[in-house]
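I am attaching a structure below and will ask some questions about it afterwards.
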Amino acid sequence: QGSARRRPFPAAAPGSPAPAGTLFPGRHGAVKGEDTFKTSPFHLDLWFYFTLQNWVLDFGRPIAMIILPLEWFPLNKPSAGDYFHMAYNVITPFLLLKLIERSPKTLPRSMIYVSIIMFVMGASIHLVGDSVNHRLIFSGYQHHLSVRENPIIKNLKPETLIDSFELLYYYDEYLGHSMWYIPFFLILFIYFTGCFTPVAEESRMPVAALLLMGPSSLYYWYLVTEGQIFILYIFTFFAMMALVMHQKRKGLVLDSNGLFLFYSFIITLLLIAGWVAWLWNDKILRKKYPGVIYIPEPWAFYTLHMNNLHAAKESL
């Protein structure tokens with residue numbers, strides 16, 4: 001019966017409806033047949049571009065802001081990191097769309113488009129809040145302290161200005177992160193749903209995928225810890241595991257792209273566990289991150305420990 005469904009259709013007469021399983025260039029773009037499985041080779045170019053731009057434009061933006069001379073980017077002007085962020089906000093949605101286009105399975109277009117729009121909005125909100133918050137480092141702002149506990153903030157007059165900085169922090173750390181990361185992980189999961197194949201030979205990763213897995217996993221660690229989105233990440237990971245077990249009952253296995261994404265998330269979880277274990281007894285960070293889930297931000301660790309280390313070296 002399966003082979004009968006895959007039999008080529010005869011040419012349709014002009015004006016007659018096209019048979020199921022063919023491409024429809026009309027409504028919502030081309031729609032692919034659901035009853036066939038197509039091979040999807042490892043997307044080396046896209047995954048490499050993802051990893052490169054994530055490290056340079058996201059992880060590297062605060063580093064560029066600190067390293068480059070302040071005279072080049074005054075405090076009342078956008079920093080080098082802000083331009084990195086602007087480039088990230090353009091390039092990442094484009095790469096996500098290209099990744100979805102290469103899926104061998106028909107994916108919900110409307111959900112993808114709405115997610116991309118939300119992603120750009122959230123990343124843009126984060127751009128503004130993060131720009132101001134990181135520029136405050138040059139004025140003595142300490143990320144390991146809350147807004148009201150920072151020495152440069154709590155002495156502001158009138159005190160209503162502190163409320164404004166708390167609002168800025170809310171847009172940066174809560175609203176911006178939610179509108180940025182929820183669509184990002186949703187798109188990755190939607191793509192992941194199409195990464196299954198009945199051919200066991202296709203469930204192998206090339207050497208290039210193994211080489212990219214380390215940098216990719218390390219970036220996801222930074223994304224989860226700095227973005228404080230462990231709940232979102234772990235729910236996405238659990239959904240991936242549930243889908244893998246469900247598809248396995250149907251005789252389907254992950255292809256190379258699905259394996260790359262799935263194993264990257266596993267390594268990320270191990271890195272997060274190691275990070276938490278290392279800083280488990282840090283009393284100052286414990287105070288800023290109370291509650292059951294204790295995952296310190298790397299930048300909070302930097303302003304608490306690395307800044308003190310730099311100051312000690314300069315005093316010598």
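Easy rule for this one: first residue shown is 1, then count along the chain.
Placed from the backbone N, Cα and C atoms, the Cβ positions cover glycine too.
Small disclaimer: the values here were computed from a predicted structure and weren't measured.
Residues annotated as compositional bias 'Low complexity' in TrEMBL: 9-21. Residues or ranges marked as region 'Disordered' in TrEMBL: 1-21. The transmembrane segment annotation in TrEMBL covers 46-68, 83-100, 112-129, 180-200, 229-246, 258-280.
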Taking residues 6+ outside the transmembrane segment (258-280), which of them lie with a CB under 8 Å of any CB in it?
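Sequence-remote neighbours of the transmembrane segment (258-280) are 42, 47, 188, 191-192, 195-196, 203-205, 209, 212-214, 216-218, 220-221, 224-225, 230, 233-234, 236-237, 240, 244, 294-296, 301.
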Where else in the chain does the transmembrane segment (83-100) make close Cβ contacts, counting only residues six or more beyond its ends and a cut-off under 8 Å?
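For the transmembrane segment (83-100), the nonlocal Cβ contacts are 43, 46, 49-50, 53-54, 56-58, 60-61, 64, 107, 112, 116, 119-120, 123-124, 126-127, 130-131, 184, 187, 190-191.
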Same chain, outside the transmembrane segment (180-200) by at least 6, Cβ under 8 Å from its Cβ: which residues?
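Result: 37, 39-40, 92, 96, 99-100, 103-105, 107-108, 111-112, 114-116, 118-119, 122-123, 125-126, 223, 227, 229, 232-233, 236, 239-240, 243, 247, 251-255, 257-258, 261-262.
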